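Participant: My structure is below; once you've seen it, I'll send some questions.
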């Protein structure tokens, strides 16, 4: 096939060099040959010499396309507008409609080529909308309009157009790009479930695209579907065994499993990435957190330090080392590292982390200032509200604490720690119905968490429902058998019920456990 193409190409070049051969051709044929041979100036000269009439607008469209190839975008815009004006005054018919749609499409491309950003894209949208009104099955017009909407940040309009493209008889390449582009918009909007479906469809079209598998895996990770994330990261690695981001992504997904075997499997992935590229910072930082999770704080500190030495501007490495320093009891070093991170990038997360360090150092006033600054910087950052609420609780400002816990839940509705703290606070404030609902929600999501049963027992105790309190304390002890606090409180509850012997036995058990703990 290529031999025939090369022969045809050679023949066209030969004709272009023969005046006699060209003179026997029509002006349109001559222009096409000159344009094919990339002699755009000559092609434009031929077409400029033609006196057009309304029935020959194809000439006008051809001239504009040649000018576009010659990078004469402004001239192309003028010609296209001239053609559209002529068509608007001619008898309408299928040919005129097709030429008009083609002119409008190319006019949109010209606007995009000119690069006048907002105005360019808005003008392109106007012209593409006109093209769509003339041919509602033009998937290319819808697709290009979606691209323009994306450029001017009209993301919902872009999503609508991409949806229409997929309903039309688009080519496979356009469908692939549509799924990709729409998926990226969903990621930007934080709608990872929708993005996931688009990336999956794209992966079905392009099965050997490792980046698509990686994007799909990342969406699974974002919506806490960690096993599915591992599967897609593995697929990406089968396509490309040296895909570093896939090793790190799979390792981070394994870390979310929450058991030792998965943590060790994650370590293998991080080490594999570092074996391929020892200077790969993402893998180094993730490996540091992996070692921290295993309680190997000094080794974790070493790897965060290597990351900092490799890239002194990497604020995530400073943050990781600050966390490890805090766990090792070196509060001053932790403060130095988090301040170093904030000099590079001040985020709500870093401010909140610094607030935690202030709390460890006993500086609650400074901690509260950092939490408030974090909220100012990012009013949707749940953890800052939660930590500030805990300080209010500590100072017995329970109404403020409850308000801050509610704000934290607004932005992180499934956080069981915030729910339980609000339940405890509402119990103190005697908002019993709200407290009851919060405790029920926590137990539904965390049925094997001993602490929630212990705290709900306090709630029942306040309501003088001692039998229900005893049931919850029994459940707490079944989950955490040697807790002196629970035995001590159950003794108090049983005393209220009148179970004196059982209460005395619980008091004695609590004392024995406390004595044992003091000896250890």
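For all residues, glycine too, the Cβ spot is worked out from N, Cα and C.
Swiss-Prot lists these features:
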REPEAT    57-90  repeat 'TPR 1'
REPEAT    101-138  repeat 'TPR 2'
REPEAT    139-172  repeat 'TPR 3'
REPEAT    176-209  repeat 'TPR 4'
REPEAT    210-243  repeat 'TPR 5'
REPEAT    245-280  repeat 'TPR 6'
REPEAT    281-314  repeat 'TPR 7'
REPEAT    320-347  repeat 'TPR 8'
REPEAT    348-381  repeat 'TPR 9'
REPEAT    382-415  repeat 'TPR 10'
REPEAT    416-449  repeat 'TPR 11'
REPEAT    450-483  repeat 'TPR 12'
Participant: Can you give the mean pLDDT for the repeat 'TPR 9' (348-381), rounded to a whole number?
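Facilitator: The predicted confidence over the repeat 'TPR 9' (348-381), as a mean pLDDT, is 94.
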Participant: Reported in the order helix, strand, coil, what are the DSSP residue counts of the repeat 'TPR 7' (281-314)?
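Facilitator: Across the repeat 'TPR 7' (281-314), DSSP assigns the residues as follows: 27 helix, 0 strand, 7 coil.
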Participant: Give residue numbers and ranges for long-range contacts of the repeat 'TPR 3' (139-172): same chain, 6 or more residues beyond its ends, CB-CB under 8 A.
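Facilitator: For the repeat 'TPR 3' (139-172), the nonlocal Cβ contacts are 101, 104-105, 108-109, 112, 117-118, 121-122, 124-125, 128-129, 131-132, 178-179, 181-182, 185-186, 188-189, 205.
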Participant: Quick check on the repeat 'TPR 5' (210-243): DSSP residue counts for helix, strand, coil, in that order please.
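Facilitator: Summed by class, the stretch gives 27 helix, 0 strand, 7 coil.
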